[in-house]
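Peer 1: The domain 'Exonuclease' feature in Swiss-Prot is assigned to 12-193; the stated evidence is sequence analysis. Residues or ranges marked as Mg(2+) 1 binding site in Swiss-Prot: Asp15. Taken from Swiss-Prot, the feature Mg(2+) 2 binding site covers Glu17, Asp186, and the record attributes it to similarity to another entry. The substrate binding site feature in Swiss-Prot is assigned to Glu17. The feature site 'Interaction with single-stranded DNA' is assigned by Swiss-Prot to Arg113, Tyr124, Trp128, Arg142, Lys214, Asn257, Asn299, Tyr363, Phe366. Annotation source Swiss-Prot lists site 'Important for interaction with ssb' at Arg148, citing similarity to another entry. Here Swiss-Prot flags His181 as site 'Important for activity', drawing on similarity to another entry. Annotation comment: Swiss-Prot describes 202-349 as domain 'ExoI SH3-like', evidence class sequence analysis. If you look up Swiss-Prot, you'll see 350-413 marked as domain 'ExoI C-terminal', on the strength of sequence analysis.
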Amino acid sequence: MIQFQKKTPNFLFYDYETFGIHTALDKPAQFACIRTDINLNIIDDPQYFYCFPSDDYLPDPGSVLITHITPQYTEKNGTNEYNFSQKIYDILMQSNTCVVGYNNINFDDEITRNIFYRNFFDPYEWSWKNGNSRWDILNLLRACYALRPTGINWPKNELGLTSFKLSDLTKTNNIVHLNAHNAVSDVYATIEIAKLVKKKQPRLFDFFFKIRKKNELYKLIDLRNFQPIIYISAYFGAIYHNMSCILPIAWHENNSNILIAIDLFKDIKTLINMCKKICFDSIFIKNLLDSGVVLLHLNRCPILAPIQVIRKEDYNRLNFHRFSLNKKIELIKKNMFFIQNIKIIFSKNNNTNQFFNVDLEIYNGFFNSKDKKKIQIIRNTDPVFLKHIFCNFHDSRLKNLFFRYRARNFFIH
């Protein structure tokens, strides 16, 4: 086994199996990870461990049937969620780590954030501090299929559309994947799929790895000159190769990580007519999003590329019409009120939700520095003495979080 050096850039491939599919309300059952070097060579033994659910939670039987991990098994072989989170935190916080999985941006990373939030670890720093970052092999596969599909066998689902299920891809490409929905097996399979892309399309792999961080993505965005870019996302659907050409038009006034763009594959005339009035109704805003307004979160590792990646030989396959796209851009430029109204509409659109359940409120703001000091005290306190801690928190979420933290992890104390 190669001795891992913290200064060496590396990948940490990881996966959860869970007792349900809701990333905030459902609980983890198993965590597994394998560390590789930058060339995807395994440099450490796999790590895996289990977490038993707290007494206030009922697992989803359907998930148990899929994973074959029962609550009884985790009770016997696992730990409470606090100790489970501590182990994961220590692994993820090793410097120069690119944390990567298969659909991790939408699922596994959200599980990580929520278990850290519930157990008084910072929910975010693991993905950026000490040179760390994150990436998603599923999104890389979507980009490969849309932009450079040669060399990989692409399976079809029952509807005749390309399937991006990990088990389908491994089967079609003769990759060993013995036990799907076992976290260790899924991690090995993800590494092999990543190796396949790197081998068959090395330039694509290296390009998207290089621009995975938002500071690199910013360089692709040119609002002043109305430069369109390619955006790869499941949002557009497999029938459209999970791809569109978008025109960035503005930054969200309330969140600098959100880019407002227009989907140029949509009917732009209709969208412009919709925005002749300013309306803040939630149904109207949903209609705008359905009609071509795109809110793109640069801190969620979106797959973006310059329009030049589309070669002429790709036009027919992708139903890509550059002349039509240019006409739509000119139409937007002639209707500058449209951009201003879009900015106003979304500047007033406050998406902060009041769930009245602290487990769902991770995104209702950051904790201030005083609360962070109190959080550190809680985490460093022996469970026996937690009942003696009386914190006057600034953030109203923390009182309920602290109560649940004690009840779920240290009930006997």
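The backbone N, Cα and C atoms fix where each Cβ goes, and this holds for glycine too.
Distances, neighbours, how buried they are, the whole picture for these features please.
Peer 2: Mean pLDDT across the domain 'Exonuclease' (12-193) comes to 97 in this model.
Within 10 Å of the Cβ of Asp15 (Mg(2+) 1 binding site) there are 28 other Cβ atoms, across all protein chains.
According to DSSP, Asp186 (Mg(2+) 2 binding site) sits within a helical segment. Taking a C-beta cut-off of under 8 angstroms and a sequence separation of 6 or more, Asp186 (Mg(2+) 2 binding site) has the following same-chain neighbours: Asp15, Ala32, Tyr102, Leu166, His177, Ala180.
Its Cβ placed at the centre, Glu17 (Mg(2+) 2 binding site) has 24 other Cβ atoms within 10 Å.
According to DSSP, Arg113 (site 'Interaction with single-stranded DNA') sits within a helical segment.
The DSSP secondary structure for Tyr124 (site 'Interaction with single-stranded DNA') is coil.
Trp128 (site 'Interaction with single-stranded DNA'): 13 other CB atoms within 10 A of its CB, across all protein chains.
Arg142 (site 'Interaction with single-stranded DNA') falls within a helix when secondary structure is assigned with DSSP. Around the Cβ of Arg142 (site 'Interaction with single-stranded DNA'), the same chain contributes Phe164, Ile232, Ser233, Ala234, Asn242, Met243, Ile303, each under 8 angstroms and 6 or more positions distant in sequence.
In the three-state DSSP assignment, the secondary structure recorded for Arg148 (site 'Important for interaction with ssb') is coil.
DSSP classifies His181 (site 'Important for activity') as coil under the three-state reduction.
Mapped onto three states, the DSSP output places Lys214 (site 'Interaction with single-stranded DNA') in helix. The C-beta environment of Lys214 (site 'Interaction with single-stranded DNA'), restricted to residues of the same chain at least 6 apart in sequence and closer than 8 Å, consists of Asn257, Leu298, Asn299.
Under the three-state DSSP scheme, Asn257 (site 'Interaction with single-stranded DNA') falls in the coil class.
The secondary structure of Asn299 (site 'Interaction with single-stranded DNA'), as reduced to three states from DSSP, is helical.
A 10 Å cutoff on Cβ-Cβ distances gives Tyr363 (site 'Interaction with single-stranded DNA') a total of 13 other Cβ atoms nearby, all chains included.
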Peer 1: If you count, for each of the recorded sites Tyr124, Phe366, the other Cβ atoms lying within 10 Å of its Cβ, which residue has the minimum?
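Peer 2: Relative to the other recorded sites in Tyr124, Phe366, Phe366 has the fewest Cβ atoms within 10 Å.
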Peer 1: Calculate the distance in Å between the alpha carbons (Cα) of Arg148 (site 'Important for interaction with ssb') and Trp128 (site 'Interaction with single-stranded DNA'), and round it to a whole number.
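Peer 2: Each residue's Cα considered, Arg148 (site 'Important for interaction with ssb') and Trp128 (site 'Interaction with single-stranded DNA') end up 29 Å apart.
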Peer 1: Tally the residues of the domain 'ExoI C-terminal' (350-413) by DSSP class, grouping H, G and I as helix, E and B as strand, and everything else as coil.
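Peer 2: Helix/strand/coil tally for the domain 'ExoI C-terminal' (350-413): 34 helix, 0 strand, 30 coil.
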Peer 1: Within 10 Å of its Cβ, which one of these recorded sites (Asn257, Asn299) has the largest number of other Cβ atoms?
Peer 2: Asn299
Peer 1: State the Cα to Cα distance, in Å, between Arg113 (site 'Interaction with single-stranded DNA') and Tyr124 (site 'Interaction with single-stranded DNA'), rounded to an integer.
Peer 2: 7
